[in-house]
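Colleague: First, the structure itself, so that you have it in front of you.
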Amino acid sequence: MIKQLFKFREMLLVVIIAMLLAVFSARSPGFAKPGNLANIFNDTSILIILALGQMTVILTKSIDLSVAANVAFTGMAIGMLNAAYPAMPLALIILIALGTGAVLGAINGLFVWKLNIPSIVVTLGTLTIYRGMAFVLSGGAWVNAHQMTAPFLQTPRQLFFGLPLLGWTAIVIVAIMYVVMSRTFLGRAIYASGGNPTAAVYAGIDVGRTRFYAFVISGTLAGLCGYLWVSRYAVAYVDIAAGFELDTVAACVIGGISTLGGIGSVAGAVLGSLFLGVIKNALPVINISPFSQMAISGSVIIAAVIFNARQERRRGRIILRDRGASEQIEVTA
Amino acid sequence: MSAVPEKRHIPDRLGTSVTRLFASWEALLVAVAAVIFIANALASPYFLNAWNLSDATFNFTEKAMVAFAMALLIIAGEIDLSVAAIIALASTAMGAAAQAGVGTPGLVAIGIGVGAGCGMINGILVAGLRLPSIVVTIGTMSLFRGIAYIVLGDKAYGGYPASFAYFGQGYVLWVFSFEFVLFAALAVLFAVLLHATNFGRRVYAIGNNEFAARFSGIHVERIKFTLFLLTGLMAGIAAVCLTSRLGSTRPSIAQGWELEIVTMVVLGGISILGGSGTIGGVVIAAFVMGLVTFGLGLLNVPGIVMSIFIGLLLITTITLPIIIRQFGHRKSA
């Protein structure tokens, strides 16, 4: 029955997104043309990838507010690397981006796993530290387009069947995450340790370790997005993706991922991201100031939280307070 | 009310070891403050000057005002991440009113009123609709600041009446600024409210065991609502002081303050899990943070690098007691 409810939830989002597209294309014909839709999807790709990482963390009853800072640091690091060593192959650069992101995510994860510190506090702290490190690394300087090599900038723009490689990357990540979340032990452990940490411990799942892996996944995806972001906008500076962590949380909340943990799906996170992406791309088309986007996403988050709470109808505990589970972990340790 | 209360060790009275721990925590903070003070005095010959020290207080007085209310909120097991956005919205409202020719008393009333109104919205969403405060206030954070962006865009408000400057720039007596005197008065007020009234005991009770508090006849929702209202109100007062001190309003005003305010509260020894901490600790933490940032400023450290220190301070102050406790556990086991 619960499964049907979520199918309903995702169908509802599909319908809402379709309606939005219909309304916007009524105002401006051509908005819903395949070419423009591919553009919107491509534009939303980075949000989709980051939202999937955020979803993994939120499912384990945690939150990762440092993703955008991770993007900024990794983006700056590989941007500078590319500028300093133009001969370095792109594959190696992407590997370094993934590794850097994974290390930053693992730092968050270690604090949450080994010291049982609430994830919101850890990631609020690392958010400023990672972005500060991007400043220390660059000295406040920018890496501009002319300093980057052509393969670094052009690869994500290659078109395949009308969609740039950036969009295809998102599709591949979505497919991988779908398999991981629904077909692997880790995926099921992630759901279990968020849905009922105490029961998960009794089922032989190491909740702390699972959270650690969730943070590593989120960090790795953020590292990948560091490369994608810098190559897409062809510039790296300290403030890139500032505040983007909120967009990823918003996408998850809109997609029906419960901030109490354990509830949510890959499809939900993707649809939540697309919802925000469609609105973002539609604002200029229907002549609304881009300055209003922040207030709109804020209102949508609040509406989605209210909607989720009504659907869940289940008493859970918020992310901050997790003493019961941590006590159980201590008992088993 | 169907949830099973979880297993938790609840002492019949506040244990002496707990009170001793907090006594020592505050003692430690005083020692840290003293060390930083001496280091500053040695590092810069200009530090030990009454006017210079008076200037240093502006670094923390406004944030500390909000931190007092936030402390109560965190003790009750909730959090408000929208405080900085409330300051921005209240400041924008005052700016718009000043453009319309409203006098100083009207401006103050508008600033505090908008703050209280925003706090009320948070209160209704969290206490009234029983939604998790982290997500709700992430949502209202982008909503409130989003409205400021819609109103102001890339422009700024200035032209406040001359008498309005008193709140942020005036001095009550010799080197004691209006802000500092207000900060001291509010510290006493909040200390009395938390430590010497029924209301304060109820706040602790909710934070320690909301379930038991409810069964003891405490109106949990009403108190949480009051706390959110109070936090909004204090953000409004901080907005009056900050706007008066800067003399202008941009939508990005007080950006990132929510992090510094939470850091101040946690540094002050208030458990992020709720239920314990004192206002005295927050007051000392305010001085510590103010001295650190002011000292780094005297040493020409850029703002974003300072934020690394704040982030490190936040994580270490939370990590340290946990590591110490874990060692204690291992010894006793």
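In case you wondered, yes, glycine gets a Cβ from its N, Cα and C as well.
TrEMBL lists these features:
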type	residues	note
TRANSMEM	B:21-44	transmembrane segment
TRANSMEM	B:64-90	transmembrane segment
TRANSMEM	B:102-125	transmembrane segment
TRANSMEM	B:131-152	transmembrane segment
TRANSMEM	B:172-194	transmembrane segment
TRANSMEM	B:225-247	transmembrane segment
TRANSMEM	B:259-292	transmembrane segment
TRANSMEM	B:304-324	transmembrane segment
Colleague: Counting Cβ pairs under 8 Å that sit 6 or more residues apart, are there three or more between the transmembrane segment (B:102-125) and the transmembrane segment (B:259-292)?
Modeller: no
Colleague: Suppose I define contact as three or more CB-CB distances under 8 A, residues 6 or more apart in sequence; do the transmembrane segment (B:21-44) and the transmembrane segment (B:225-247) meet it?
Modeller: no
Colleague: With the transmembrane segment (B:64-90) as the reference, find which of B:172-194, B:225-247, B:304-324 contributes the most Cβ pairs under 8 Å.
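Modeller: Of the candidates B:172-194, B:225-247, B:304-324, B:225-247 scores highest.
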Colleague: Which of B:172-194, B:225-247, B:259-292 has the most Cβ pairs closer than 8 Å to the transmembrane segment (B:304-324)?
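Modeller: Top-ranked stretch among B:172-194, B:225-247, B:259-292: B:259-292.
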Colleague: Give residue numbers and ranges for long-range contacts of the transmembrane segment (B:172-194): same chain, 6 or more residues beyond its ends, CB-CB under 8 A.
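Modeller: Same-chain contacts beyond the ends: 50-51, 53-54, 57-58, 61-62, 64-65, 68-69, 71-72, 75, 166, 200, 203, 234, 237, 241, 245, 278-280, 283, 286.
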